[in-house]
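Take a look at the structure set out below.
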Amino acid sequence: MSKILPSSMKDVHYDNAKFRRRSWFKMIVQAFANSSIKRECVTCSTGKFLVLLMVGGLAFLMLMNTNSIDHVSDRIRKTIAGREEHRLLLNGVGKFGRFWRKPPRLPPRLSPDEILTNNSSTFNPGNLKGDSKWVIRQRSVKHAFIHAWSGYRQYAMGYDELMPLSQRGIDGLGGLGATVVDALDTAMIMGAEEVVSEAGTWIETHLSERINGKGQVNLFETTIRVLGGLLSAYHLSGGEQGMGDMKLKGPKPHVYLEIARNLADRLLSAFTSSPTSVPYSDVILRDRSAHPAPDGLSSTSEVSTLQLEFNYLSAISGDRRYGTEAMKVLEHLKTLPKVEGLVPIYISPHSGQFSGENIRLGSRGDSYYEYLIKVWLQQRTSQNGDVQYLHEMYEEAMKGVRHLLVRKSIPKGLVFVGELPYGPKGAFSSKMDHLVCFLPGTLALGATKGITKKKAMEENLLTFEDMENLKLAEDLAKTCFEMYSVTTTGLAPEIAYFNVDGYSEGGHGGGNGSSEYANDIIIKTLDRHNLLRPETVESLFVLYRITEDSKYREWGWQIFEAFEKYTRVDSGGYSSLDDVTVLPPRKRDKMETFFLGETLKYLYLLFGDENVIPLDKFVFNTEAHPFPIHSAVEKQ
């Protein structure tokens, strides 16, 4: 999509005025008033006489001409063919018609936004409501998705990821065509039927063969992207009487379910091969075997971010094995010692115990906390046993976050979440990964359970803890947005540090000296890259749905514009950046699958109707694949 250029409505009004009907009398008077005849002839009596004679003659001709034109206009309105219009016009105006004929009435010029509104189409499952500005912006996101997909389809179809500058594909996630599966449900939600057809056809034709023949894959990445994408596509394409009203192209729902089961059966070896309830990190698909990572450890976030997917597969397939194996992990983690609900980022599948003391909500720790509340939301009405312990673990962890990890920067007081690299007795680090920006959305979701803040307060559903978490969510969302606005490009770095009382990290700012928070945020040289990550726009989407505050939409639009300006590759696709603090930023030549699967999906939903994928009826996995909470009926 070409970026909408700023336009002045004054220019539009001026151009439109050129094509309005004009009075013949005003035309003649204005012509006379501006001519040299006025200056030269009116000074003598002869000149005055000639002027009056000319005006009278012109008035007579104009009267006859107007009658003829009115007559012709009636005939033209009844005629379709362009040549017939032209012939009637020439024949009807008489001898002087060609000379006095009006200029053609061209269609009014439209502003760029009006052009986009008139010429664009978008799928609207919720009867899109609201300001037309947001309809236009939502369509802009859809056009960006089509552009991203077009580059992938042309240069990398079937590969995991696109290298948009090199115009080729690369397999970095096991060779299962991860971008195809990750993007599919985004295309379904957007109503991008050609993409649904292309992606669905590839999955139906090639994915089973890939699963049966491929070697090592990461359990976590394959579960959240490929298994999650297949299960979401199953529901959105009409599985279990899901979103069947979409009537989109592509395979029948059972195709996605059958492939998902084939994949999950092989992934189960990570659970069954381990001597404890903690699964191994790597799976050999063709052998249905598994082994630990080279250092023998698994990430805490990875082993605890599998349950939404396996639970949902059990619900729709009737096979309890998937959910049972995955839930054993959380049941085991419940028994382990914690630091005010917080846990180290590594765990051993051999001993079943945490390893090290590093505590953070960034990489290797983040989605553990996310899935505590989301699995509870998914399972609390099921018949699979009591999962209240998950909510208790979540509440304890959020208290620990507020007590041990939350600080304010100086001089302007941005609220951020830091780290404890050496445990609670070690030094505090003011480092905050962009990944931590998932937390505002998770806090808001946990506070209201997906309904609006207004409704929750009217029904007296919010506890004191809920209100504390919701306030923290809004404060952190602002910080995450400022991590974007403080840079020259308007795009956030992968990692930021915050100035705190008594200690300041070395480094430089984001390059935008006009930012109010230029002195609060420090960006180190190795952390300046941007990978097209979704976490901030994810939280903006959730917070907008819950608080109904339009500032979150405005922030999301600013971020989208920056992506369009600096990461778009004209030949197709979008690219990660090396340094967000300089202009022009150098592109990294990689489009992550989550840009289509998460970032653009959350932006599209942020600008759309709140009834599309409502948060009290769906739960998004950590890769933004939505699963229904209530509609899945467990089969015996």
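Using N, Cα and C of the backbone, Cβ positions are placed for all residues, glycine too.
For Glu221, Glu494, the entry in TrEMBL reads active site, proton donor. Feature annotation from TrEMBL assigns active site to Asp366, Glu535. Annotation comment: TrEMBL describes Cys437-Cys480 as disulfide bond. Summarising the annotation, TrEMBL assigns Ca(2+) binding site to Thr622.
For Glu535 (active site), the recorded positions whose C-alpha atoms fall inside a 10 Å radius of its own C-alpha are Cys437, out of Glu221, Cys437, Glu494. Glu221 (active site, proton donor) sits 25 Å from Cys480 (disulfide bond), taking the Cα positions as reference. Counting only same-chain residues at least 6 apart in sequence, those with a Cβ under 8 Å from the Cβ of the residue listed as 'Ca(2+) binding site' are Ile224, Thr305, Ser367, Glu370, Tyr371, Phe438. Reported as a whole number, the C-alpha separation between Asp366 (active site) and Cys480 (disulfide bond) equals 15 Å. Cβ-based neighbour count (10 Å, all protein chains) for Glu494 (active site, proton donor) stands at 19. Each of the active-site residues Glu221, Asp366, Glu535 was scored by the number of other CB atoms within 10 A of its CB, and the lowest score belongs to Glu221.
Straight-line distance linking the Cα atoms of Cys437 (disulfide bond) and Glu494 (active site, proton donor), rounded to a whole number, equals 11 Å. Within the same chain, the residues at least 6 positions away from Cys480 (disulfide bond) whose Cβ sits under 8 Å from its Cβ are His434, Val436, Cys437, Pro440, Ala492, Glu535, Thr536, Ser539, listed in sequence order.
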